Amino acid sequence: MEFAAFAERVERLEAEPADLETTAIVADLLADAGDDLGTVTRLLLGRTYPAHDDRTLDVGPASCREAIARAAGPNVAAADVEDRLASRGEIGAVAAGFDFGGQRGLSAFGDGSDPLSVAEVDGTLRELAAATGEGSESRKVDALFGLFNRCDPAEAKTLARLVLGEMRIGVGEGTVRDAVAEAFLAEDGPGSGTEAGNGERDATTQTDDGTDGSDGDGGDDAENRATDEAYAAVERALQVTNDYGRVARLAREAGIEGLNAERIRVGRPVQAMLAQAGTAADAVDSFGEVAVETKFDGARVQVHYAPGPDGFGPRLYSRNMDDVTDALPEIVEYVADRIEVPVVLDGEIVAVDDDGSPLPFQEMLRRFRRKHDVDRMRETVTCRLHAFDCLLAGDGDAESDRDSDGDGDEDAPGDLLEEPLRVRHDRLVDVLPDAAAELRVVDDTEAIAGIESAALEAGHEGVMLKDPTSAYTPGNRGRDWLKRKPDVETLDAVVVGAEWGEGRRAELFGTFLLAVADGDEYEPIGKVATGLSDEELEELTERLEPHVVAESGTELRIRPEVVLEVGYEEIQTSPTYGSGYALRFPRFVGVREDKSVEDVDTLERVSGLADGRGRAGDDEANDGTGDEANDGTGDEANDETDAGNPS
Ligand code: AMP
């Protein structure tokens, strides 16, 4: 494709405010891109390389201005370009405002016999990215000058913006994603093609490091009519590859089937699976059995490693797929020392103290992404990997683990994305036992609360609740993973009643009725039975027995004397208790030895907390699934708000 044709579409896109039209123009452009489809797709997004490839052009604005000045002729200096930039504010408009030597009809090539092609521009941009060392800056200016010299105004505008990474034409990833589906997978899409193409699919599409050499025939199959399916296939392939150019080519040449066959592989990070906020009751209700893991307070990292001479890494990618390997040498060493098969692992990096206990998130931030002083900082803050998922694990058989033809398209040995979490976790324990986060499968909320208390006690952020049967869905913020953050606020409430325990705890009080102050009265607000050890129960029984004022069956009425601090997930209005409110999932935090009954929280505060709902710093919504143990208070509607952006 000629670069002028690309630039002309870019101008049309820039002038088009309507989203639907934008998508249609992009779809047309992709359909017309021919051999340059991969390149055009990336350039539209202002990229030379796929998002996970951290190579950059590394051309400073000054070099770009100098190249523009030189191409504009002897009377123009870099300072003039700078002046115009100051008044116009945008490099594309500045570049378009000059008469370059190559303007059609004016230049030495004025007969149009040497038009710039998209491939040529892309090739030069890649050369810029590769140029390093002494003299590289001036070589970059030379190369850019060569391009600008052959540009007409529209081309110059697009080129300057590409070079400085400022496309700004209103074409985002979502537009390209939709346009790919519409161009190649819709029945009447612009790239659906009328010629055969069917059954002739080329599943060996190359990576973005080369051209694809396809002939541009569309893949218009019957199956492509399912538009929802087509969008979903494009989206999934993007989540797995993060390579728009590759996905566009796959859509064209291999259709939905080809997109769906795309697999995870070592060296190509996939988007991280995300969690929604949820409660223990949600997890038990929806999963039955719940896989409970510690929620580590650190930074997400994806580990890619293939041992051996022809191997890869270890390399570490952040949640946004930035390469953060160089900042974390001890993790690299740790992984390289222990892992013997190709792997892709998901986990969290946390900063730890000398005893291995977690340090606050801010400490870890002093290490993550650090480019300078890595060795010195390594002495100051130690990082540790907690791996919690295994997305790929080879079996160690070199034959099956290797991508033998090097095209990256082999049937991805060891791909575990579709496997249930339990299976993935077993593989994780096989490949990296000491760093594998413990996964406990339980089926009741009490057990979850117990694990959460232990996690909090150990200094972690809380727990994650996962469906043990669920697949790993890259980029998806679904309901298969729930993040259960600890309660932010606690309440100080006084014990006004108790119930005898059961079984081996029959001699002890097991459940405590709590109340808050309403003027001179104490109004009950909930019962707490969770979070108490046998010893604490013994102690509390001893403390409370002298204050028992009445007993009926297993229930006791107790004079308000002892104040407990309790956590909870939520405060709901409730007809059950005199206070008019009920705590959901009340959890014993401690006895407030320092507080007397005069100091307990008031109904007023409770009512304020209840109105405030979604507590500070907590992005979850009220879930409203009732919890039997908590007196049937959960009758309000679902109010899910955590449809956050999976970035
Ligand atoms: P949030 O950042 O609050 O949305 O919580 C989700 C994040 O928790 C993930 O992106 C991870 O970085 C982090 N995390 C910590 N421990 C785990 C775990 N065991 N499983 C999944 N994510 C975890």
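A Cβ is built for glycine as well, from the same backbone N, Cα and C atoms used for every other residue.
Note: TrEMBL annotation is automatic and uncurated.
Binding of ATP is attributed by TrEMBL to Glu293, Arg300, Glu348, Phe388, Arg477, Lys483, and within the candidate set Arg319, Arg366, Arg367, Arg370 the record adds Arg319 to that site.
Close contacts with ligand 1, defined as a Cβ under 6 Å from any of its atoms, occur at Glu293, Lys295, Arg300, Lys483 among the recorded positions Glu293, Lys295, Arg300, Arg477, Lys483. Straight-line distance linking the Cα atoms of Phe388 (ATP binding site) and Lys295 (active site, N6-AMP-lysine intermediate), rounded to a whole number, equals 10 Å.
A strand conformation is recorded for Arg300 (ATP binding site) in the three-state DSSP classification. Note: the Cα of Arg477 (ATP binding site) and the Cα of Lys295 (active site, N6-AMP-lysine intermediate) are spaced 16 Å from each other.
The C-beta environment of Arg300 (ATP binding site), restricted to residues of the same chain at least 6 apart in sequence and closer than 8 Å, consists of Ala272, Ser318, Arg319, Asp346, Gly347, Glu348, Ile349. In sequence order, Phe388, Ala437, Glu438, Leu439, Arg440, Val463, Met464, Lys466 constitute the residues six or more apart from Glu293 (ATP binding site) in its chain with CB-CB distances below 8 Å. The Cβ of Arg477 (ATP binding site) has 17 other Cβ atoms within 10 Å, all protein chains considered. When the alpha carbons of Lys483 (ATP binding site) and Lys295 (active site, N6-AMP-lysine intermediate) are compared, the span between them is 8 angstrom.
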